[in-house]
Ligand SMILES: Nc1ncnc2c1ncn2[C@@H]1O[C@H](COP(=O)(O)OP(=O)(O)OP(=O)(O)O)[C@@H](O)[C@H]1O
Ligand SMILES: Nc1ncnc2c1ncn2[C@@H]1O[C@H](COP(=O)(O)OP(=O)(O)OP(=O)(O)O)[C@@H](O)[C@H]1O
Ligand SMILES: [Mg+2]
Ligand SMILES: [Mg+2]
């Protein structure tokens, strides 16, 4: 296998009780690749990317992230997670800390940066998402969009090798979406690998190296955006795309 | 003033401490009208529609909803809210009740329907949002999109005269967006008035009677979608639209 | 404060029907209880003649006056701003209770004479025994809560046995067991350490449950966010979960602190001269134990008011991040 | 359970370094305490000769055997599934405690003879006094919590005075005040009602604080959703807020129930024959009160284990909606 | 024996007593322990040539035995019953308390027999309670004979005698008609202004002794000797008169 594979999933399967959420997932991601995952609600997109930093355990198959195989008895799960940033659908900011602290704690407690250095890093990324002026507010005092941007900044502060986004732009207004996507694009140029669950087809078209379409736990189709949008192979994908393009 | 005005806001202003969120808002909504509110994050869109069912108090000006003036000492605030459904950005489902119960409680405890009748109503609207099979799950067991649809169904169950949507489709995948928007369109045909904060420009173009653009607490521009999208009058609006159309 | 509705309620006590109802109820209550024999009757002597002879008329007159005074008082207070209202009502209630204590005909000089000893010996002992015990109990509680929530069989079994045993047995029994039982195993332990040990173990068990529920109340999204950054269990617990659990933990813990103050009196059975022990003994000889009990009660009350104030400051501190 | 990480920890007690460390610590501890004089020493007589004469060698031998047994036990238990582990550890701890009680040389026939009376008279009284008081206290607590969170000056002042006063004063004092003070106002009240009144008022005050914090812990989004449907204050509180607050409220309330069981013994000062009173009196005459105290402690423990089981069932019921 | 050696080596005699049992032992105005028992203990100490230190554990703790050297003897008006003799030695009986009956000032009872079928309050587990329930056995050495003077309908037991007096004070027959207690505490209550009075003669006399743990005969002998000396040289009588106004050290 080539050296620059950063995520490899082989025959991954996962069940919730009797319900199979993921079936036969085979996926490889190269360093610096930007992947967009889309698909209908409940198709297992969130579950899949949560397996990549082992917030969820898979029951069959193999997942290798950054050269480390994820399994039940691993010791270095923190090592994996340190290098895999995650932006949640529901933000999950730490409500008892200011925005600034939210961004500072990762670098401080994991990387051992001093408070001053961590603050500098934090402010840099808060500026990148255009909310440095909110640094001393508490999360609950921000609008939904502002909160989502803090969540992105918090992940970026750890300067991870891989970023997982779970619908990072869903609560943002269109202006902010494009700013955040710009940030993401520039990060991608720095060599950061990204897996992004999103329905922003515009973004997928513009930025993604590959688009993956999931349906009821399976990867139904994958391909470069051009092929994916203009010439979808599967009926299900075509239906999905037609719905999107309708409005 | 014409008889079929259902929401009237006159010179409304609102402050959070020293920060003015709403400035000189003048807006009238006729029965059956579908209004889309858009604008950048933090511009006061949520605050504005929350004033319409008095979840927020305004400090200046006058708001009349369904013929009832909203003020500090009103007795019939429940009367107003009963007729104004609201779908929140963060769903706010009742986590201790099943999906079905979430939809049944309004009709049962406010309108006095029997449990059987309420269940029938609830199932009808759950079908409309395409998740009748989730009726006996608890909210936390659903995906984000499913939760948002329950929130919409819960509001619809009260069959209110006015519906306020605060980014109701933000957590939905594109397929579901169009289904939900279809539902909303059909509701609009039944004569329901809607005020919808959304960035789904496709929806605005297709369904809205009027589009309102807000920026830092003010209504900057309003007009029919056609005029709004093709020929925006203000520089700010033009900028905003260019961002949207970029991706 | 509850999340208040945006609609202001009218001031209830200024609504005529409410005032009328209140007046009627009080009149009825005081008609039912004959007050003519009390100070009230004495004060009304000019109007009703000899209180004891005044019969139904006297009774009605007294009740009427009481009801008028009460209603007027309430209506007037209703005009004051919130803080003043609270202060006035507090003072009035305090006054009522002091008047109630008056009915015991307490000897004030005796109280003044014994007060210094009550405070320097009793209150100080009570305070330091409780303070040390609370600190130990809190440490036990955090460990216990984590153990009780863990998937480790040993930790869970030991922690659940511990909470069950030390909550299940009366504190007095635990004091006995430690004071009398440990010597049988070869450790002779003094009264004060034995008391502190018993209190810590017992309260540790109660507080384990409080901490457990606090930790459980935190949304799993917080765990996920913390883990996804790479924080281990220790940091997640100390920096993310516990600080957020504190608002939920503090009020019941405050309860425990306050009741610890009182429960520490159980160590008097092993001969520690704390506050309650002195209260019971100082007045015993001259049969002035009511004096002593009431002064002690007041000292306890003052101590717990201090704890309440501290608690409300801490709560305010943690509420910062919730204000919007 | 905590939200567990997806990574299984290795079984700690099967790691060689951990076992070795445990062994060393136990060896050291039992070398420090001389066990040769105990049953352990007696059992080792074949190996070490007369325990009391065996000196350092005997001491070491005993400590070694204890450490081996202990470590082996722990390692073996480590292989069992979780539930079995918990059960075994519980039984072992229970056995240890019973052995500890054995050192008091209790007379079992005496216990058997008195047990029926202890239960029919004492436990029953304790139970019904506590049960009634808890019900009243819960009602008071809900009202108190709402009042304390309200913006109404009167309600707030009265509720905060109430919680401060009845938490601040020792329960014993409240029992006295009600039992001896009320007659001075003209209400002669029996011992049991007086006890129940005092317990309800006191625990109502503590539980007010618990309910308050539970209600405050609910997200304001729930209030907004409830209001936007048109629910008034009553429905919102009863059907939306309180049910969600319950998981947070239940564990500290369970604490209160359990400690109420024990605190109800204070009513014995006014002559109610509850469990603790009997424990102290039954054995007094024949000088066997340790027997009585320990049996009583066991009865209390059994009662609180029942409460714990009920509590965990309720918690599980309310946790339903959190499982995903 | 071990205890005596310890006492002599430390030059202090640790005495357990009650702090809540006036006038035998209580907290005086100077907030120190004082009373008849306390004076007796101090005198014993003087005779042994050591200073005395008091500790005040609860009655349950004292009578549980297993003192573990925390204190050396108990001077707290303990009745030397047979059951207690299994755990303790009683090296010296130093006085006898008369038990008496108190009624409210307004009581119409003229003789003890008038209390038949009335409500009587006592201290739980005391000999007074046993007497009121007609269940008293004074199996102690040197206990004088007695007879039951009345048979109450209802015996209410309190955890201490003051609560019983408090109930009696509320009025004749409000909660209680009479209280059986020790004569000294009745007299004290009267002095403190309780509206009560003694009714009839004392109903029985209870011998009270110093207690030590088994196992040190030498120590017991020393104490026994000291108590005898105190009796013979009149110290005990003097102390009794000082605290009670009467000589309780002999049975009348
Ligand atoms: N703990 C659980 N137990 C049972 N079913 C679950 C659980 N968590 C998720 N599911 C189900 O698994 C499926 C996939 O969930 P997932 O959150 O991955 O969907 P998704 O593709 O991210 O959807 P969305 O776009 O709505 O967020 C859904 O049908 C959901 O109901
Ligand atoms: N309680 C509050 N105190 C102070 N400022 C507040 C408060 N609530 C909201 N704001 C501020 O008011 C502004 C408007 O908020 P609002 O939630 O209405 O924005 P919005 O237009 O809905 O934005 P979004 O699209 O991000 O949801 C924001 O700048 C926000 O930070
Ligand atoms: Mg998802
Ligand atoms: Mg908003």
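Please read every residue number as a count from 1 along the shown chain.
Glycine residues also receive a Cβ, built from the backbone N, Cα and C atoms like all the rest.
Note that the coordinates shown come from a computational prediction; the quantities given were computed from them, not determined experimentally.
The annotation domain 'ABC transmembrane type-1' is assigned in TrEMBL to C:123-311. Per TrEMBL, transmembrane segment is recorded for C:17-36, C:56-80, C:87-107, C:127-147, C:154-179, C:185-206, C:265-283, C:289-310.
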Requested in this report: Return the stretch with the most CB pairs under 8 A relative to the transmembrane segment (C:289-310), choosing among C:56-80, C:87-107, C:185-206.
Outcome: C:87-107
Query raised in the report: Are there residues at least 6 beyond the ends of the transmembrane segment (C:87-107) whose Cβ is under 8 Å from a Cβ of it, and what are they?
Result: 73, 77, 80, 288, 290-291, 294
Query raised in the report: What parts of the chain pack near the transmembrane segment (C:127-147), using Cβ distances under 8 Å and only residues at least 6 beyond its ends?
Result: 155-156, 158-159, 162-163, 192, 195-196, 199-205, 207-212, 214-215, 237, 242, 253, 256-257, 260-261, 264, 267, 272, 274, 303
Report task. Report, as numbers and ranges, every residue of the chain located at least six residues beyond the transmembrane segment (C:154-179) whose Cβ falls under 8 Å of a Cβ in that stretch; write 'none' if there are none. Result -> 143-148, 189, 191, 194-195, 197-199, 201-202, 204-206, 208-209, 263, 266-267, 269-270
Report summary line: Tertiary contacts of the transmembrane segment (C:56-80), defined by C-beta under 8 angstroms and 6+ residue spacing from its ends, are 11-14, 19, 22-23, 26-27, 29-31, 34-36, 40-41, 44, 47-49, 88-89, 92
